[in-house]
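As annotated by TrEMBL, transmembrane segment applies to 37-59, 71-87, 93-113, 120-139, 145-162, 174-195, 207-225.
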Amino acid sequence: MVSPVTVVKSEGPKLVPFFKATCVYFVLWLPTSSPSWFSALIKCLPIFCLWVFLLAHGISFLGAHSSARKILAGLIFSALGDAFLIWQEQGYFSHGLLMFAITHILYSSAFGMKPLNLRAGLVIAVISGISYTLLYPYLSGPFTYLVAVYIALIGFMGWRAIAGVQLANDLWTWTKLSACLGAVLFMVSDLTIAVNKFCFPVPHSRAIIMATYYAAQMLIALSAVECQDVDAARKRA
């Protein structure tokens, strides 16, 4: 397994643009009441930087590893979803929901179906069911089933990410742990969005949503680069 120190040295510099773009978003803190293409650009900029982060590992790397390609595709759909959500009050919330639903399908495929870990799947299913049960009284129209489908998809994605971490058997890598933490943070971010939009105002909701969302995307992007780091470590050995 590649050591965390090696990871920080090799991947840290490539993530500097992402951290800078994230700081720009929080420093500018553009009002959501006045959506514009500029505010969409600022919101999407950290995700663009994660595209560059993956592309910086080389086209040959992406060509050789389907999971990395799927995560890159997921980041592309995430940026589209971010842009749509800038105009959610103008009727584009469902468009954003669709983009992120596709993102979760791509991430789930990237994480794979092995190991299965049915226990983790059962836990996620129970949490997803409780979440939908709490949201259901506040939903109406198409959101009654759209939110149900979305919760199922993000729950499935979370299950596949969590299933890869087998701490008891010492069968884990830092990238699998990164994917797991990223998926959990993604679920926290989206649950906060749902509660804040459909149920009641969540204090500091935007800060919670965006901080957990950007951290989730960074961790998921990091989970795509294990193969290259393993190869680098072997060459140094």
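Backbone N, Cα and C define each Cβ position, glycine as well.
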Looking only at residues six or more beyond either end of the transmembrane segment (71-87), which have a C-beta under 8 A from one in the stretch?
32, 35-36, 39-40, 43-44, 47-48, 50-51, 54-55, 62, 93, 95-100, 102-104, 106-107, 110, 217, 220-221, 223-224
Could you tell me whether the transmembrane segment (93-113) and the transmembrane segment (120-139) have 3+ CB pairs under 8 A, leaving out pairs under 6 positions apart?
no
So are the transmembrane segment (37-59) and the transmembrane segment (174-195) touching or not, going by 3+ C-beta pairs under 8 A with a sequence gap of 6 or more?
no
Quick one: find which recorded stretch in 93-113, 174-195, 207-225 has the most Cβ pairs under 8 Å with the transmembrane segment (145-162).
93-113
Below 8 angstroms Cβ to Cβ, which residues of this chain, lying six or more residues outside the transmembrane segment (174-195), approach it?
1-2, 4, 7, 100, 107, 111, 131, 135, 147, 150, 154-155, 157-158, 160-162, 164-165, 202, 205, 208-210, 212-213, 215-220, 222-226, 229
